[in-house]
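Asks: Take this structure first; my questions come after.
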Amino acid sequence: SFLNCEYGKNTIKLLRVRREGKKHFIKEVEVCTHLRLTSAQEYLEGDNSAVIPTDTIKNIVLVLAKKDGIQTLEQFTVDICKHFMTTFSQVAYVKTYVQEVPWQRLQENGVPHIHSFICVPDGIRFCEAEQCRNGPLVVFAGIKDLKLMKTTQSGFEGFYKNEHTTLPERNDRILCAELFCKWSYGECRDFDFDCIWNKVRECVLEAFSGPPDCGEYSPSYQKTVNCIQMCILSKVPEVSSFLLNDIHVPACSSQVLVPVETPYGSCTCTLSRKKFLEAQGQVLKVEK
């Protein structure tokens, strides 16, 4: 039999305020940290001597935020993983997930406010890092709950039909999507994570919508997913692998519509660089 006994603390919420004179900077995050120990005696024998309490995990996360700050989500996530792996010999594996509350500095007549902020839900930034003892520290980043819509330049035609098909073909429809994007940086390196995250987000918006004056036609949502992934891998060399999962709701191009949340379609696709797959021992095969 195989035992995988993992535990941790979820939803550790904190707000870090950094003051530079009159100007203030904030980071509000939610942290989940999980550990796997070198033995499972607490599970098998009820021996808790090696167990780091989840309350201690929470306190360590808060102390690290206070001591070192949160320069970027990725660096904070890496710092947490490194702390547990270097401080506790009984930790065999650590995984940390951090997501950020999307606060933006408030602007009044184009002038940035020095200490006021507004929460703008235009996609939630998150990060994940994991490490096994004696193994590499691997970092992932992503965007979730990114809601996008195009009111034309989308269609769906030529699909397979049988006696159960009721969907009409359309060459002009409204396309709404809620995106979950996650990408791998591979082993942890000294990247400009903020810059990369913004580049990826720009690529997603560009590939989904097309040029601002005319857009770009999408023959299927699957093709749009591919365009987003190809755009990112071509423009952001630091990204090794990119996963995109979406919930999409196509609709006809009427002037008045009633939005519905269910049922919805979904599409998940992961596109990776060949060298990334080869490093993981996976076979890359594309049939044309």
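Every residue number used here counts from 1 along the chain in the order it is shown.
For all residues, glycine too, the Cβ spot is worked out from N, Cα and C.
Checked TrEMBL, it gives:
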type     : residues                             : note
ACT_SITE : LYS9                                 : active site, charge relay system
ACT_SITE : THR54                                : active site, charge relay system
BINDING  : THR54                                : O2 binding site
BINDING  : THR54, ASP55, PHE156, ARG173, GLN222 : urate binding site
BINDING  : THR54, ASP55, PHE156, ARG173, GLN222 : 5-hydroxyisourate binding site
ACT_SITE : HIS248                               : active site, charge relay system
Asks: Please report how many Å separate the Cα atom of PHE156 (urate binding site) from that of HIS248 (active site, charge relay system), as a whole number.
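Replies: Just about 13 Å between their Cα atoms.
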Asks: With every protein chain in view, what's the tally of Cβ atoms within 10 Å of the Cβ of THR54 (active site, charge relay system), excluding that atom itself?
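Replies: A 10 Å sphere around the Cβ of THR54 (active site, charge relay system) contains 16 other Cβ atoms.
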Asks: Sorry to bug you, but what's the C-alpha spacing from LYS9 (active site, charge relay system) to ASP55 (urate binding site), rounded to the closest Å?
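Replies: Pair distance, Cα basis, whole Å: 7 Å.
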Asks: How many whole Å apart are the CA atoms of HIS248 (active site, charge relay system) and ARG173 (urate binding site)?
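Replies: For HIS248 (active site, charge relay system) versus ARG173 (urate binding site), the Cα atoms are 12 Å apart.
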Asks: Taking the Cβ of GLN222 (urate binding site) as reference, which residues of that chain separated by at least 6 in sequence fall under 8 Å from it?
Replies: CYS267, CYS269
Asks: Other than its own, how many Cβ atoms are within 10 Å of the Cβ belonging to ASP55 (urate binding site)?
Replies: 9
Asks: Could you measure the widest C-alpha to C-alpha distance across THR54, ASP55, PHE156, ARG173, GLN222, the residues recorded as binding urate, and give it to a whole number of angstrom?
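Replies: Farthest Cα pair among residues binding urate: 52 Å.
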Asks: Can you grab the distance from THR54 (active site, charge relay system) over to ARG173 (urate binding site)? Cα atoms, rounded to a whole Å.
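Replies: For THR54 (active site, charge relay system) versus ARG173 (urate binding site), the Cα atoms are 50 Å apart.
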